[in-house]
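Participant: Dropping the structure in here first, questions after.
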Amino acid sequence: EDLSPSHALSAAQGRWLQTSALCQPWRCHPWGGAVGPSRNPPAQLGAAGCQFVAALPTGTSGWSPDPRDKQPWLQIDLMQKHRINAVATQGTFNTYDWLTRYILLFADHPTSWKPFFQQGSNWTFFGNVNESGVVRHDLHYPIFARYIRIIPVAWNPRGKIGLRLGLYGCPYRSHVLYFDGDDAISYRFRAKRISTLEDDISFNFKTLEQDGVLMHGEGSQGDYITVELKQAQLYLHISLGELGPGGGHTTVTVGSLLDDQHWHSLHIERFGHHVNLTLDGEVKRFRCRGTFDQLDLDTELFFGGVIDQDKQHLTYRQNFRGCVENIIFNGVNIADLARHRRPNIRFEGNVGHYCQDQLNNPITFAGINNYVRVPGIPRRNRLAVSFRFRSWDTAGLLLYTSFADRLGSLEVVLSEGQINVTITQPGHRLNDGFWHSVQLVAREGSAVVTIDDDDGAEFRVAHPFQLRTGSQYFFGGCPKPASVTGCRSNQTAFHGCLQMLNVDMQPVDVELLVLHRLAQYFNVYFNVCGITDRCTPNLCEHDGRCIQSWDDFMCICDLTGYKGETCHKSLYKESCDAYRVSGKTSGNYTIDPDGSGPLKPFTVYCDIREDRAWTIIRHNRHYATRVTGSSVDQPYLGVVEYWNASWAEVSALANASEYCEQRIELHCYSSRLLNTPSGLPFSFWMGRHDERHYYWGGSRPGIQRCACGLDKNCADPKYFCNCDADHALWRTDKGLLTFVDHLPVTQVVVGDTNRSGSEAQFLLGPLRCYGDRNTWNTVSFNRGAALLFPTFQANHSLDISFYFKTTAPSGVFLENPGTRNYIRVELNSTATRDVVFAYDIGNGDENLTVRSVVPWNDDEWHQVKAELNVKLARLRVDKLPWVVRPAPPQSFVRLDFDRPLYVGAAEHKMRPFLGCLRALRMNGVTLNLEGKANETEGVRVNCTGHCQDPPVPCQNSGLCVERYSHYSCNCSISAFDGPFCNHDIGGYFEEGTWIRYNILPMSLYAAREFASIISSPWEPLPGYNLTSEEVSFSFSTTSAPAVLLYVSSFVKDYMAVLIKDDGSLQLRYQLGTSPYVFALTTKPVTDGRPHRVNITRLHRTLYTQVWGCGEGGSKLDSPKNLYLGRVMETGVIDPEIQRYNTPGFSGCLSGVKFNTLVPLKAIFRPTSPVRPYSIRGELVESSCASMLPLTTILIPPEMDPWYMGTGRCRGGTPEGREPPVVTFLLLLIGGALVLLYFYYHRYKGSYHTNEPKAIQDYGSAAKPLSTRKDQNLPQILEEPKAD
């Protein structure tokens, strides 16, 4: 059922309670289970049973408030008081609606609630993680209440609030007594004296008073037991008697803030000397002092106070005022006896049998910016306000009001635990560093204080007092001892300046004071005012508030999000991933991507998963924005306002993330998007640094098109966006923007909705990011070198953090020198156990040293943190304690550097560091070490510690990446996957199946041709490199003929690998003028066994030599598409290719790679929403080369299509005889090649076969074999057979 936002349910509705008779009214034994909703009529709810289940509905019912309600709650009326032992929650049936956190309130009256605090003083309960599971919380102490209220705190972000609730407990029979402060009762024992070895006493109470006697009993031998409230704490006094002096008195306190007008449960269990004192679930176990172990009491036991107090040995105590229920003393229900007026109960005053609540309606202020605004009657000349409060905080604003007509204001402040009332009239405070005059005139019965000669600043006191002037006046302080000097003020001495002193209406002659002729003085300076403003400039960062005294200043960092001596260090982590590593779960968190940098922290939602944490930032454009009447000249500017963060702050998050995405959608009706006659789009979006971007979601930078333009499935094939078709019906262009350096989206500009009937709507998804590309910004220094960065700019604070790993004994991590100042962090050359932070900030050379018991050069990562500000300098390595050096008083930090920042060595490459550095941050800014790395100078990207000689190498073009204590293989540019890029990815092609992979779109080709005319040669395109080409793949088949791989171009150039009718493998290509054909094998490859082909060209220009020295092209020009299985290219195709193109390849292809393009991996392991491929027919993932041997079979030179040969063109280099040594070497090399040729071809055919070898076990200790290219020649790996 869909209930109202703030809904109260009554148990009389007959769907929440189930009862049974299983326990006594005062001793419930809870049970429970999730059952269906009870249909018992209301009359059964009053049965004698005390145990029930408020059931979780099993159908489609549940509570789901209106999402517009900002403060929803669910209230349940149990119709009578109950003892609740547990609470259970469940989401709404078959929805995404469930609570993840909530607050539980309980009460006897619906206007006075008390929150239930779990152990640890946490009042927030964790809820559900899905809609079907039941989460039960057993309360660590039972609560007694009629009303229960649930306040949602958080819920599933993909849904809304949804709740099915269960309460476990039983009805509670209550026998109540009300004491008015002058009342009391006593329970008379049957015997005149009782002596007990064990006692069991329990009762509940509630009150608004802080003090009062709850129970008292005593014996003639000195034994007693007393329970009372003092300052809203419960005190238990007990004595069992003592032979010697002291009496064996024992006092124990428990609880606090018990004057809250809510029920509290007290239970005292004693056995001999051992006592368990339990109050609201808090248990204190103690042993009574004394010799005896029995409690001897005389005559009677008092409750609510003491009757005939003069006859008791109890000093005066205030009687209890409030309610007490179910008083049980050793099994006797005293409250029930009092209710029936039994003769063994004696009354004092008018004890009531009800509980009279005083409803004061308290308000809890629990937020950062909480307030309550109450209207008042304006323009009255009398102000009257009163209130009560309670708090643990030492400071806070209790009341503020501003006067009408700008007459000032009044505020009541809790300051240092005291109340300060300040009435402010137009003007300033007096401790502002300026001169202020003070005139004091006092007479008997009156005194007038005038400030700054302002009649409006007079303060008059009219109070009877006598006045007789003394013989001396003390200014600025009191000399000691007071008994001698007569100055008895306890106030601290004044620090500041005084002038124009007048006493008895006569000016004080300062010259006589200097000569000691008029008076005495100490520690003062005449004729000078030495005051200074220590808060100008304000050294407190990030809007920290500066307060100062005479000789120092202090930064107040409250509500800034920062901490430290100068509010420099952020309170929050830099990303959601950092919260994930620290063990947090999904929820709202505050992050600070630039740490101590200038950008403020902001709140995001962290979707924390096992392997990554998504940072999600929402904004005001989450829902559709309708646009009409806009044009290119006057477009609609949809500004994106991110929640809790500015554009710069969101950009900092994106810049530090490994991956980001943001979905953008445009719904159009007769409204165009990117296609315009002028070339500039009608609509576009703006990203970081206010840059315009003309590609849409699902596309990529540099091309002006949408996702359908890449997939070639737009509504009109002539355009690259659905909206550009300009149809009079609704079309949509949408997709993900994933280029991190362009995000976030800051504005969406729409410019074609001014025509009749045209309209557009755009939506923008939240920015979603994960990863941290700063943490692993790593370089390794292999020889003496330094990375130079711009001079480090710092104001008055700096912080440095980085990781290092080395085996070298010493070296400088970084240094920024200057003419006078410098900073340097180094591994000490004299002791490898020392990390040193040395600096000169104007006070001379200083340093801090962290010393370890083991050397730091252990080839493991270590973290270094250094901080420096006007208050102190400190250094820390790993988890060792901070080494701190306080700055001298009244010092100043000078960080004036005029030379570059050196990383990896000191200035002039002195004392170089050899090892690895990563994640170098200075004042929140990550230094791009990888961007400065230069391998020729001895600085490599990544840390080559593990990657230099890995136990298992990364195979198949996998890139080795250093990690904290291991390495991993990046297989993004490999056609394989797996931990070492050794798992083949392939597909099985049915006959007629083909794949087209787009290498170069037509738009980029046209742009390239245009750029080649007006500018320098075109740079290499994605997937294509002008200096090298590499084609590799594996296959197995039993059919021929077939085209395995075909690369087309925008001109006549092509490359093809095909199987001829006789089953042999052939390479055909055309580079320029005419086609060239090379037989790669002479033996059929249609044996159904896996074969591998590898064709490469590296740093060569291809020439084919014929008798007339005809010259071919130098490169495969303008690659367009790559086909697998069959060629379906438009235009003219070589007839020989057409001959082998039918009926198509049937078999398995795997590990296909053309330069950096891996088409099969893009299909079966997609990493991008862009799909640059088309598939026709049945394609099933398979691996046809997983059993290939690791031995590489070399192809002889005559079969290498890229082999240059030894002939020379007639028009080439001038002829001449070679030197004899060169001729001899050439003959020697030729002879060796001939021998190798005959060795490898000593059997029939053109390839070598052996028995298949087992796949290398990477878990073994032996080093696996690896494929190695000894020549840059085409290679064919085939399945060997037995010799």
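Using the three backbone atoms N, Cα and C, a Cβ is placed for every residue, glycine included.
Just lifted these from TrEMBL, have a look:
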DOMAIN    60-170  domain 'F5/8 type C'
DOMAIN    176-355  domain 'Laminin G'
DOMAIN    361-529  domain 'Laminin G'
DOMAIN    531-568  domain 'EGF-like'
DOMAIN    567-622  domain 'Fibrinogen C-terminal'
DOMAIN    776-943  domain 'Laminin G'
DISULFID  C916-C943  disulfide bond
DOMAIN    944-982  domain 'EGF-like'
DOMAIN    1003-1184  domain 'Laminin G'
TRANSMEM  1221-1240  transmembrane segment
REGION    1262-1283  region 'Disordered'
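Each of the listed features needs to be described in terms of its position in the shown structure.
Facilitator: Taken as a whole, the domain 'EGF-like' (531-568) shows an average pLDDT of 83 in this prediction.
The DSSP breakdown of the domain 'Fibrinogen C-terminal' (567-622), given as helix, strand and coil counts, is 6 helix, 21 strand, 29 coil.
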Participant: C943 (disulfide bond) has how many other Cβ neighbours within 10 Å of its own Cβ?
Facilitator: 26
Participant: Test of understanding: give the count of other CB atoms lying within 10 angstroms of the CB of C916 (disulfide bond).
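Facilitator: Counting Cβ neighbours of C916 (disulfide bond) within 10 Å gives 23.
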Participant: Using a Cβ cut-off of under 8 Å, list the residues of the same chain at least 6 residues beyond the domain 'EGF-like' (531-568) that approach it.
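Facilitator: 368, 433, 495-497, 590, 592, 596, 598, 600-601, 795-797, 799, 867, 869-872, 889-890.
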